[in-house]
Amino acid sequence: MNLPYMEAAFERDLFLQNPLPFFVAAKKLWPGQRRPTLTHAFIKLLDSKNLLHTSFTQNIDMLERAAGVPPSKLVEAHGSYAAHSCIECAAPYDGAKMEEAVMSLAIPRCEACGGLAKSDVVLYGDPMPPAFFSSLPRILHSDLLIVMGTSLAARPFADLAELVRGDCPRVLLNKDAVGEFERPDDVVRLGECDQLVRVLCRELGWEGELEEAWEAVGGRVDRGGVIGVGAGGSDDEGGKLFDGELENITRGIDSMHGLGQACPA
(Lines of atoms letter the chains of each structure in order from A; the text may use other names.)
(Lines give C-alpha, C1' and ligand atoms only; values in the text may rest on other atoms or scores of the structure.)
Protein backbone atom coordinates (compact mmCIF):
# COMPACT_ATOMS: atom_id res chain seq x y z
CA MET A 1 0.00 0.00 0.00
CA ASN A 2 3.07 2.24 -0.35
CA LEU A 3 3.17 2.92 3.37
CA PRO A 4 6.36 4.08 5.10
CA TYR A 5 5.57 1.43 7.77
CA MET A 6 2.51 -0.72 8.37
CA GLU A 7 1.23 1.15 11.43
CA ALA A 8 0.82 4.23 9.24
CA ALA A 9 -2.49 2.78 8.04
CA PHE A 10 -3.88 3.81 11.43
CA GLU A 11 -2.28 7.27 11.68
CA ARG A 12 -4.60 10.24 11.58
CA ASP A 13 -2.31 12.43 9.45
CA LEU A 14 -1.94 9.77 6.78
CA PHE A 15 -5.65 8.97 6.92
CA LEU A 16 -6.45 12.59 6.09
CA GLN A 17 -4.06 12.51 3.13
CA ASN A 18 -4.80 8.99 1.89
CA PRO A 19 -7.58 7.07 3.66
CA LEU A 20 -7.36 4.00 1.38
CA PRO A 21 -4.86 1.99 3.53
CA PHE A 22 -7.17 2.35 6.54
CA PHE A 23 -10.07 0.91 4.54
CA VAL A 24 -7.94 -1.92 3.13
CA ALA A 25 -7.13 -2.89 6.73
CA ALA A 26 -10.78 -2.42 7.73
CA LYS A 27 -11.89 -4.82 4.99
CA LYS A 28 -9.58 -7.51 6.35
CA LEU A 29 -10.59 -6.88 9.97
CA TRP A 30 -14.31 -6.37 9.35
CA PRO A 31 -16.55 -8.17 11.88
CA GLY A 32 -17.93 -11.55 10.88
CA GLN A 33 -14.82 -12.85 9.14
CA ARG A 34 -13.24 -14.38 12.23
CA ARG A 35 -14.66 -16.39 15.07
CA PRO A 36 -14.06 -15.81 18.78
CA THR A 37 -11.27 -17.83 20.35
CA LEU A 38 -11.44 -20.08 23.38
CA THR A 39 -10.25 -17.13 25.45
CA HIS A 40 -13.18 -15.02 24.27
CA ALA A 41 -15.49 -17.87 25.25
CA PHE A 42 -13.87 -17.87 28.70
CA ILE A 43 -14.80 -14.20 29.18
CA LYS A 44 -18.38 -15.03 28.19
CA LEU A 45 -18.37 -17.96 30.62
CA LEU A 46 -17.35 -15.63 33.44
CA ASP A 47 -20.30 -13.42 32.57
CA SER A 48 -22.66 -16.41 32.46
CA LYS A 49 -21.60 -17.22 36.03
CA ASN A 50 -22.17 -13.60 37.14
CA LEU A 51 -18.44 -13.25 37.82
CA LEU A 52 -17.59 -10.68 35.15
CA HIS A 53 -17.72 -7.08 36.31
CA THR A 54 -16.05 -5.36 33.32
CA SER A 55 -13.96 -6.47 30.36
CA PHE A 56 -11.50 -3.80 29.22
CA THR A 57 -10.09 -4.56 25.76
CA GLN A 58 -7.64 -3.00 23.34
CA ASN A 59 -9.02 -5.11 20.49
CA ILE A 60 -10.96 -3.40 17.71
CA ASP A 61 -12.23 -6.60 16.04
CA MET A 62 -15.41 -6.92 18.17
CA LEU A 63 -14.76 -10.60 18.92
CA GLU A 64 -15.76 -10.04 22.55
CA ARG A 65 -19.18 -8.96 21.31
CA ALA A 66 -19.31 -11.92 18.94
CA ALA A 67 -18.66 -14.21 21.90
CA GLY A 68 -21.67 -12.73 23.68
CA VAL A 69 -20.01 -10.43 26.20
CA PRO A 70 -22.70 -7.82 26.99
CA PRO A 71 -21.84 -4.33 25.69
CA SER A 72 -22.74 -2.96 29.12
CA LYS A 73 -19.76 -4.88 30.56
CA LEU A 74 -17.39 -4.13 27.69
CA VAL A 75 -15.04 -1.16 27.43
CA GLU A 76 -13.41 -0.99 23.99
CA ALA A 77 -10.50 1.31 24.80
CA HIS A 78 -9.34 1.72 21.19
CA GLY A 79 -12.82 1.85 19.69
CA SER A 80 -14.27 -0.70 17.29
CA TYR A 81 -16.17 -1.20 14.05
CA ALA A 82 -19.50 -1.09 15.87
CA ALA A 83 -20.24 2.57 15.09
CA HIS A 84 -19.19 5.05 12.44
CA SER A 85 -19.06 8.83 12.11
CA CYS A 86 -17.68 11.80 10.23
CA ILE A 87 -14.25 12.94 11.38
CA GLU A 88 -15.18 16.56 10.62
CA CYS A 89 -18.65 17.12 12.10
CA ALA A 90 -19.03 13.86 14.10
CA ALA A 91 -22.37 13.08 12.45
CA PRO A 92 -23.23 9.36 12.64
CA TYR A 93 -22.73 7.34 9.47
CA ASP A 94 -25.02 4.46 8.54
CA GLY A 95 -23.52 1.07 9.33
CA ALA A 96 -24.84 -0.71 6.24
CA LYS A 97 -23.45 2.02 4.00
CA MET A 98 -20.11 1.87 5.78
CA GLU A 99 -19.89 -1.90 5.29
CA GLU A 100 -20.71 -1.51 1.60
CA ALA A 101 -18.01 1.16 1.26
CA VAL A 102 -15.42 -0.93 3.10
CA MET A 103 -16.11 -4.08 1.07
CA SER A 104 -15.84 -2.15 -2.21
CA LEU A 105 -12.91 -0.05 -0.94
CA ALA A 106 -14.85 3.12 -1.69
CA ILE A 107 -14.09 6.16 0.46
CA PRO A 108 -17.24 7.08 2.41
CA ARG A 109 -18.21 10.73 2.70
CA CYS A 110 -20.42 12.33 5.31
CA GLU A 111 -23.87 13.07 3.96
CA ALA A 112 -24.10 16.17 6.17
CA CYS A 113 -20.82 17.97 5.46
CA GLY A 114 -18.94 15.91 2.88
CA GLY A 115 -16.08 15.11 5.24
CA LEU A 116 -14.38 11.73 5.51
CA ALA A 117 -16.36 9.12 7.43
CA LYS A 118 -14.83 6.11 9.17
CA SER A 119 -15.52 3.53 11.83
CA ASP A 120 -14.95 4.74 15.37
CA VAL A 121 -11.52 3.09 15.66
CA VAL A 122 -8.95 5.17 17.52
CA LEU A 123 -6.18 6.39 15.23
CA TYR A 124 -2.67 7.32 16.29
CA GLY A 125 -2.97 10.95 17.32
CA ASP A 126 -6.62 10.64 18.37
CA PRO A 127 -7.73 10.88 22.00
CA MET A 128 -9.02 7.76 23.68
CA PRO A 129 -12.83 7.44 23.74
CA PRO A 130 -14.52 9.32 26.61
CA ALA A 131 -16.14 6.02 27.62
CA PHE A 132 -12.70 4.66 28.53
CA PHE A 133 -12.01 7.39 31.07
CA SER A 134 -15.54 7.39 32.49
CA SER A 135 -15.22 3.62 33.04
CA LEU A 136 -11.98 3.80 35.05
CA PRO A 137 -13.75 3.86 38.45
CA ARG A 138 -15.07 0.37 37.69
CA ILE A 139 -11.58 -1.04 38.20
CA LEU A 140 -11.77 -0.07 41.88
CA HIS A 141 -14.58 -2.61 42.40
CA SER A 142 -12.44 -5.56 41.28
CA ASP A 143 -12.25 -8.61 43.54
CA LEU A 144 -9.88 -10.22 41.03
CA LEU A 145 -8.09 -8.80 37.99
CA ILE A 146 -7.26 -11.12 35.10
CA VAL A 147 -4.85 -9.78 32.48
CA MET A 148 -4.63 -11.72 29.20
CA GLY A 149 -3.10 -11.34 25.76
CA THR A 150 -1.37 -7.97 25.99
CA SER A 151 2.09 -6.42 26.01
CA LEU A 152 0.93 -3.80 28.54
CA ALA A 153 2.98 -1.29 26.56
CA ALA A 154 0.37 1.26 25.47
CA ARG A 155 -0.61 3.80 28.09
CA PRO A 156 -2.97 4.75 29.60
CA PHE A 157 -4.44 1.26 29.03
CA ALA A 158 -1.44 -0.42 30.65
CA ASP A 159 -2.05 1.59 33.83
CA LEU A 160 -5.26 -0.38 34.50
CA ALA A 161 -3.24 -3.19 36.06
CA GLU A 162 -1.95 -0.76 38.70
CA LEU A 163 -5.29 0.90 39.47
CA VAL A 164 -6.82 -2.02 41.36
CA ARG A 165 -6.69 -1.96 45.15
CA GLY A 166 -3.52 -3.26 46.75
CA ASP A 167 -5.38 -6.22 48.26
CA CYS A 168 -6.95 -7.26 44.92
CA PRO A 169 -5.37 -10.47 43.56
CA ARG A 170 -4.09 -10.18 39.99
CA VAL A 171 -3.60 -13.02 37.51
CA LEU A 172 -1.48 -12.71 34.36
CA LEU A 173 -2.26 -15.30 31.67
CA ASN A 174 0.00 -14.28 28.82
CA LYS A 175 2.54 -15.42 26.27
CA ASP A 176 5.19 -13.14 27.76
CA ALA A 177 5.93 -11.71 31.18
CA VAL A 178 4.76 -8.09 31.08
CA GLY A 179 4.07 -5.35 33.58
CA GLU A 180 4.98 -5.50 37.25
CA PHE A 181 3.25 -8.49 38.80
CA GLU A 182 5.18 -8.65 42.06
CA ARG A 183 2.47 -8.24 44.69
CA PRO A 184 2.09 -11.07 47.24
CA ASP A 185 -1.22 -12.24 45.73
CA ASP A 186 -0.16 -11.98 42.08
CA VAL A 187 -0.18 -15.15 39.96
CA VAL A 188 1.70 -15.38 36.66
CA ARG A 189 1.20 -18.21 34.16
CA LEU A 190 2.92 -17.95 30.78
CA GLY A 191 1.87 -19.66 27.57
CA GLU A 192 -0.82 -19.48 24.91
CA CYS A 193 -3.94 -17.87 26.36
CA ASP A 194 -6.31 -20.51 24.98
CA GLN A 195 -4.36 -23.29 26.65
CA LEU A 196 -4.00 -21.41 29.93
CA VAL A 197 -7.72 -20.70 30.27
CA ARG A 198 -8.44 -24.31 29.42
CA VAL A 199 -6.21 -25.50 32.27
CA LEU A 200 -7.79 -22.98 34.62
CA CYS A 201 -11.29 -24.12 33.73
CA ARG A 202 -10.26 -27.74 34.17
CA GLU A 203 -9.10 -26.95 37.70
CA LEU A 204 -12.38 -25.17 38.40
CA GLY A 205 -14.49 -27.99 36.97
CA TRP A 206 -15.70 -25.74 34.14
CA GLU A 207 -13.99 -27.40 31.18
CA GLY A 208 -17.19 -28.83 29.71
CA GLU A 209 -18.95 -25.48 30.04
CA LEU A 210 -16.01 -23.73 28.38
CA GLU A 211 -16.19 -26.08 25.41
CA GLU A 212 -19.94 -25.54 25.15
CA ALA A 213 -19.51 -21.78 25.26
CA TRP A 214 -16.93 -21.95 22.48
CA GLU A 215 -19.00 -24.27 20.34
CA ALA A 216 -21.90 -21.86 20.69
CA VAL A 217 -19.89 -19.16 18.91
CA GLY A 218 -18.43 -21.36 16.20
CA GLY A 219 -15.39 -22.95 17.83
CA ARG A 220 -14.66 -26.54 16.78
CA VAL A 221 -14.26 -28.87 19.73
CA ASP A 222 -14.15 -32.58 20.26
CA ARG A 223 -14.60 -34.09 23.68
CA GLY A 224 -10.95 -35.09 23.75
CA GLY A 225 -9.81 -31.49 23.44
CA VAL A 226 -9.79 -28.41 21.31
CA ILE A 227 -9.07 -29.22 17.66
CA GLY A 228 -9.25 -25.88 15.92
CA VAL A 229 -10.60 -22.37 15.63
CA GLY A 230 -12.30 -21.01 12.57
CA ALA A 231 -10.45 -17.96 11.31
CA GLY A 232 -11.85 -16.12 8.36
CA GLY A 233 -9.85 -14.59 5.57
CA SER A 234 -8.23 -15.74 2.38
CA ASP A 235 -5.96 -18.77 2.06
CA ASP A 236 -4.11 -17.31 -0.94
CA GLU A 237 -0.54 -16.11 -0.60
CA GLY A 238 -1.59 -12.47 -0.76
CA GLY A 239 -4.04 -13.04 2.06
CA LYS A 240 -1.36 -14.74 4.17
CA LEU A 241 1.03 -11.88 3.51
CA PHE A 242 -1.53 -9.31 4.52
CA ASP A 243 -2.40 -11.29 7.64
CA GLY A 244 1.26 -10.97 8.63
CA GLU A 245 1.23 -7.26 7.92
CA LEU A 246 -1.89 -6.84 10.04
CA GLU A 247 -0.16 -8.64 12.87
CA ASN A 248 2.60 -6.05 12.64
CA ILE A 249 0.01 -3.29 12.74
CA THR A 250 -1.58 -4.82 15.81
CA ARG A 251 1.76 -5.05 17.58
CA GLY A 252 2.41 -1.45 16.68
CA ILE A 253 -0.92 -0.27 18.03
CA ASP A 254 -0.16 -2.00 21.31
CA SER A 255 3.42 -0.82 21.64
CA MET A 256 3.52 2.69 20.26
CA HIS A 257 2.91 5.34 22.90
CA GLY A 258 1.36 7.93 20.65
CA LEU A 259 -2.13 6.92 21.67
CA GLY A 260 -1.55 7.36 25.35
CA GLN A 261 0.40 10.57 24.96
CA ALA A 262 -2.49 12.10 23.05
CA CYS A 263 -4.84 11.48 25.96
CA PRO A 264 -5.44 13.36 29.19
CA ALA A 265 -3.59 11.83 32.11
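Cβ atoms are placed via backbone N, Cα and C, with glycine included.
According to TrEMBL, the domain 'Deacetylase sirtuin-type' annotation covers 1-207. Taken from TrEMBL, the feature active site, proton acceptor covers His78. The annotation Zn(2+) binding site is assigned in TrEMBL to Cys86, Cys89, Cys110, Cys113.
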Chain-internal residues near Cys110 (Zn(2+) binding site), provided their CB is under 8 angstroms and they sit 6+ positions away: Cys86, Glu88, Cys89, Ala91, Tyr93, Leu116, Ala117
The residue listed as 'active site, proton acceptor' to Cys113 (Zn(2+) binding site) - Cα separation in whole Å: 25
Mean of pLDDT values spanning the domain 'Deacetylase sirtuin-type' (1-207): 92
Chain-internal residues near Cys113 (Zn(2+) binding site), provided their CB is under 8 angstroms and they sit 6+ positions away: Cys86, Glu88, Cys89, Ala91
Surrounding CB atoms that lie within 10 Å of the CB of Cys89 (Zn(2+) binding site), all protein chains: 12
